[in-house]
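According to TrEMBL:
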TRANSMEM  44-63  transmembrane segment
TRANSMEM  70-87  transmembrane segment
TRANSMEM  126-149  transmembrane segment
TRANSMEM  156-178  transmembrane segment
TRANSMEM  208-226  transmembrane segment
TRANSMEM  247-267  transmembrane segment
DOMAIN    259-394  domain 'O-antigen ligase-related'
TRANSMEM  273-290  transmembrane segment
TRANSMEM  297-317  transmembrane segment
TRANSMEM  393-414  transmembrane segment
TRANSMEM  421-440  transmembrane segment
TRANSMEM  446-465  transmembrane segment
REGION    468-504  region 'Disordered'
Amino acid sequence: MTRLRLPTGSSGATALPWPVRWSSWLFCAVVAVAPLPLGSVGGVASAIWSVLLGIALLGVLPMRLRGSQLAILAVTALLTALAMLVLHEQSAQRPWLGVAPNALWAEAGKLLPADLPPAVSIATNLPFYSASVGIVCLLSFAIGVVLGANRAMARGLLRAVAVAGLAYAITGIVTFAIDPTRIYLLHEKQAQLEWLTSPFVNRNTAGIYYGCCALIWLLFGCELIERHWPSRRASLPRLLARLDRPARRRLAGHALGWLTCLVAMFLTGSRGGVGISLLAAVAAAAIFFRNRLPRRYGLIMALGVGSLIALALLQLLGGGVGARFSTIGLSDEGRFSTYRATLRMIWDHPWLGDGFGSFEWVYPAYRTDDISLRGTWNRAHNSWLELASDGGMLMAGAVMIALLAAFGVLAHGVRTRRRDVIVPLAALCASAAGALHSMIDFSLQITGYAVVIAALLGAGLSQSFRSGGAAGRGRGDDDTDVASSPPVNVDFAGEPGRAAGQGF
């Protein structure tokens with residue numbers, strides 16, 4: 001059987017129907033622009049992105065889905081059904097499961113003359129209005145799954161995220177140097193005046209976002225180096241000799257994009273964002289070149305060397321971050337007390353929670369005296385604990401199990417792919433970094449950042465499975481999901497003489 005390779009932009013990409021192409025452009029545009037309006041926090045921005053992503057989802061309907069994509073979407077549909085069930089039980093006056101309403105409604109009814117219908121949620125209709133972030137992420141993830149099976153579109157998504165992050169970083173650094181008290185010289189900051197937060201309001205979200213973009217630029221550079229890796233004994237002079245002038249220009253461009261996003265990340269002063277992003281970058285580079293390393297201790301040595309480089313970058317570029325580590329430590333005042341209070345909230349209402357989006361209203365009743373009276377804790381600074389307190393342990397447990405399963409699928413894709421390994425690897429490291437950062441902050445609750453991670457996760461999962469053609473079903477390749485005569489998939493292990501991560 002003849003093997004056929006289709007480079008990006010060839011018939012495999014151009015054979016797609018025009019609604020699919022327009023939808024892919026619209027999807028990448030939404031993912032790229034979503035962080036710009038202050039992280040898209042608020043119902044108006046979420047509504048706009050939901051409409052645009054809904055249009056994009058309608059446009060990708062002509063694409064033919066593989067069995068792996070259908071399985072991913074089926075699990076997503078089950079999670080969505082569970083979320084809708086919890087949403088109904090929290091808002092309905094007569095819940096289907098017969099769960100007792102929150103006791104605060106009875107206490108309020110004794111004090112107020114009005115008739116207050118009881119509900120599980122502490123705030124009427126609040127769970128419905130707080131679902132905007134989930135809807136946008138659901139649409140972004142679903143489109144990423146559908147379009148991600150096409151390798152050209154999956155790589156296009158990575159480029160869109162990387163280029164958008166670079167544009168935000170350059171604009172943010174320049175405007176921060178002109179006036180650090182404003183976001184892009186337009187919006188006046190209310191706090192964190194000495195740190196770069198653009199295009200977000202919070203520096204921690206900006207830090208992990210720029211770290212994600214720097215990770216993608218780093219993987220682009222690693223892929224280019226891998227393509228020109230010497231066939232015999234590897235050395236820096238031989239590698240440089242194999243790099244022609246166009247390749248050196250591309251490598252310099254990737255390095256410039258990586259360094260710019262890295263500088264923007266350090267300027268945010270986010271301890272968690274910087275630390276987790278550096279760990280993700282070290283892990284991504286070590287995993288990418290794992291087959292080029294000695295078998296016994298190569299990976300450990302690579303992780304050690306990468307950690308030393310990360311520490312050197314922290315000392316060289318991240319003086320403000322290091323100073324915050326020295327003066328504040330690893331945790332802010334009151335954060336662990338808030339975690340303990342959130343655990344008590346979960347204990348009191350374990351199954352359905354207090355209602356989506358109700359943390360700000362419930363938390364004052366659990367706030368302890370050892371927390372400073374300064375400021376308002378409208379977030380738990382741990383998205384997973386807040387999900388359990390708002391939506392119940394059943395909802396939080398299902399989401400965590402599904403996310404861990406997704407990490408396993410991405411790891412399988414990284415291990416078995418022969419080309420375009422950066423797609424599942426970027427999705428794995430970026431989503432893992434986002435999930436880890438959300439254990440100490442609320443970055444995944446910010447629409448402008450969450451929509452990016454959801455898109456990368458969906459595309460990475462689609463690129464982690466064999467196509468139908470490789471499995472012997474004749475269903476198609478990553479490049480031609482709608483073509484009548486699909487080529488054989490050569491993306492996965494089994495092709496002799498090629499190292500993992502090598503492109504064509």
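A Cβ is built for glycine as well, from the same backbone N, Cα and C atoms used for every other residue.
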Query - Segment-segment contact (the transmembrane segment (126-149); the transmembrane segment (273-290)) at 3 or more Cβ pairs under 8 Å - result: no
Report task. Using a Cβ cut-off of under 8 Å, list the residues of the same chain at least 6 residues beyond the transmembrane segment (208-226) that approach it. Result -> 35, 158, 161-162, 164-166, 168-169, 200, 239, 247, 250-251, 254-255, 257-258, 261-262, 264-265, 268, 270, 272-274, 276-278, 280-281, 284-285, 288-289, 292, 421-422, 425-426, 429-430, 433-434, 437, 441, 443, 448-449, 452-453, 499, 501-503
Query raised in the report: Relative to the transmembrane segment (421-440), which of 70-87, 156-178, 247-267, 393-414, 446-465 accounts for the most Cβ pairs at distances under 8 Å?
Result: 446-465
Query - Contacting positions for the transmembrane segment (70-87) when only residues 6+ beyond its ends and CB under 8 Å are counted - result: 96, 127-128, 131, 134, 138, 141-142, 145, 352-353, 356, 391-392, 394-395, 398-399, 402, 405, 458, 461-462
Query raised in the report: Which stretch from 247-267, 273-290, 446-465 shares the most C-beta pairs under 8 Å with the transmembrane segment (44-63)?
Result: 446-465
Report summary line: Tertiary contacts of the transmembrane segment (446-465), defined by C-beta under 8 angstroms and 6+ residue spacing from its ends, are 27, 30-31, 34-41, 45-46, 49, 66, 68-69, 72, 132-133, 136-138, 140-149, 151, 153-154, 157-158, 161, 199-200, 202, 205, 208-209, 212, 406, 409-410, 412-414, 417, 420, 423-428, 430-431, 434, 478, 491
Query raised in the report: In this predicted model, what is the average pLDDT of the domain 'O-antigen ligase-related' (259-394)?
Result: 81
